[in-house]
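For reference, TrEMBL has these:
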TRANSMEM  24-43  transmembrane segment
TRANSMEM  63-86  transmembrane segment
TRANSMEM  98-121  transmembrane segment
TRANSMEM  141-165  transmembrane segment
TRANSMEM  172-193  transmembrane segment
TRANSMEM  199-223  transmembrane segment
TRANSMEM  244-268  transmembrane segment
TRANSMEM  280-298  transmembrane segment
TRANSMEM  318-338  transmembrane segment
TRANSMEM  354-374  transmembrane segment
TRANSMEM  386-409  transmembrane segment
TRANSMEM  415-438  transmembrane segment
Amino acid sequence: MKKLQGNIGNLIFSTGTSFKQINFKLLGVLILMGLLPTIYMTVRIHFLGTLPGDWGYNIASQLAWLNITYEVVHESLILPMFFLIGRFLHDRSRFNNAVSNGFILTAALYGILSILTLLFARPMIVFMAQKTELVEATVRYIRLKAVSALFAALVRFLTLTLVVLKREIRLLFILGIQLVLSVLFDTIFLSSLPFSLQLGVNGIAITNIIVNFILLSILVNMLRREGYLVPGYSFKLDLGCLRAWFRVGGISGLESFVRNAAFILMVIRLVNMVQEQGTFWVTNNFIWGWLLVPVLALGELIKRDTAEDVDAIRTKAFGYGVLTLVFVLGWLITIPLWRSFMREVMGVADWEKVFQLSLISLGFYITFAFNNIADSIFYGRGRTDLMLYQSLIVNSLFYGSLFVLFQLGLYSPTLVSITVMFGTGIAIDSGITFIMYYRFYRRLTIPSVTNAITG
């Protein structure tokens, strides 16, 4: 009994000590960074629900494949940013130059990708099996979104620079402006109010272009005033920094490409084939936009903390796990409220189906929530190679086998079976991640982890 009491006491002490190490102020800001965009996404879903028929959802849902394409570039450039920039946090000159190099690299790659999207939007829409009568409208929408994506990427890069610098007040200022402008312009361009221009889904893209351009201007000016960023007189092209970025980011991008190629072929395309793309899109917005907001915010904090100091893995990991458990319990407690939330707040007509898919997915996303801790540590320490290994295993063996079965006519997809298939992939990926994290933690030393990446 005394031994048990001692173990419980040690557990409570460890939890308290680990919690004290966590920057809850920055975590709160990061959660708001996820919640505010979610609020205006909910407004958009409600606006889309007021459009006649389901064409608004179906056109907007086609952005999924474009988002996946940009996600590959995002995970090549932005996710490794915490490791590649965070290590220079205490050297102002090198930090400033690393940010400037990253900014130019982001602008160049996203610019090229946006041009390619403008040129090849039509054949991609046709390949993704969009309804024939919606192809022209979807192409126009995708091209507008490609323009806004360039500005959005640069805004995201500079926002994360503020996260690394722990500028909480400035982050809140940017988020407040983003929310107000987004709701304002959506009301003008998209809503069914008498004074609205009622541009349909194209109004979403136009709003994004205007809002992100304004935010980019504010962020550049804000960082210049602090003496950061800024391709200016103090800038010089750092080939060593760019090589490290390509080394770490290239592996991250390859992992993202493998994972998202499987997602496009085995999830998005199959969902389009069963004509349920709108339902799947709204369900994903509910899960990723609401349920996972605190989980993903914690992931951003973990990346920042572990990039700055490898010892954060030892001192804070237990606290990260307890926080994740609290978030998961929050999901379970709020389940009775989901139906009314989907119906009244999100304005979803087919809310019963969205609720069913969310419940089916819940168990899988619980494993994802804890998997997120390990993944974020891998990103924070620049170990994108571990991310690649798990992605190759899951997507080649699991999704590859299902693709063969589908081609042979032995797998007939339905919306529910596609949801279960996707969730199973998440669970398998999580299991592999936990094994890799255990091995990584046991072998962890500061020199070996850092030198393996920086060469």
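Each Cβ is built from the backbone N, Cα and C atoms, and glycine gets one as well.
A contact between the transmembrane segment (354-374) and the transmembrane segment (280-298) is present, since 3 or more of their C-beta pairs, 6 or more residues apart, lie under 8 Å. If you look at the transmembrane segment (280-298) against the transmembrane segment (244-268), you find fewer than three C-beta pairs under 8 angstroms, all six or more positions apart, and that falls short of contact. Contact between the transmembrane segment (386-409) and the transmembrane segment (318-338) is not supported, since fewer than 3 Cβ pairs fall under 8 Å when only residues 6 or more apart in sequence are counted. Proximity of the transmembrane segment (415-438) to the transmembrane segment (63-86) is not established, fewer than 3 Cβ-Cβ distances being under 8 Å for residue pairs spaced 6 or more apart.
Using the rule of three or more Cβ pairs under 8 Å, pairs at least 6 apart in sequence, the transmembrane segment (63-86) is not in contact with the transmembrane segment (199-223). Distant neighbours of the transmembrane segment (318-338): 14-15, 18-19, 21-22, 286, 291, 294-295, 298, 302, 355, 358-359, 362, 366, 369-370, 372-373; these residues of the same chain sit at least 6 beyond its ends, with a Cβ under 8 Å from one of its Cβ atoms. Highest Cβ pair count under 8 Å relative to the transmembrane segment (199-223), across stretches 24-43, 141-165, 244-268: 141-165. Residues 26, 30, 33, 59-60, 62-63, 66, 70, 73-74, 77-78, 81-82, 85-86, 89, 99, 102-103, 106-107, 110-111, 113-114, 117-118, 121, 124-125, 171, 174, 201-202, 204-206, 208-209, 212-213, 215-216, 219-220, 223, 228-229, 300, 304, 307 of the same chain lie 6+ residues outside the transmembrane segment (141-165) yet bring a C-beta within less than 8 angstroms of a C-beta in it.
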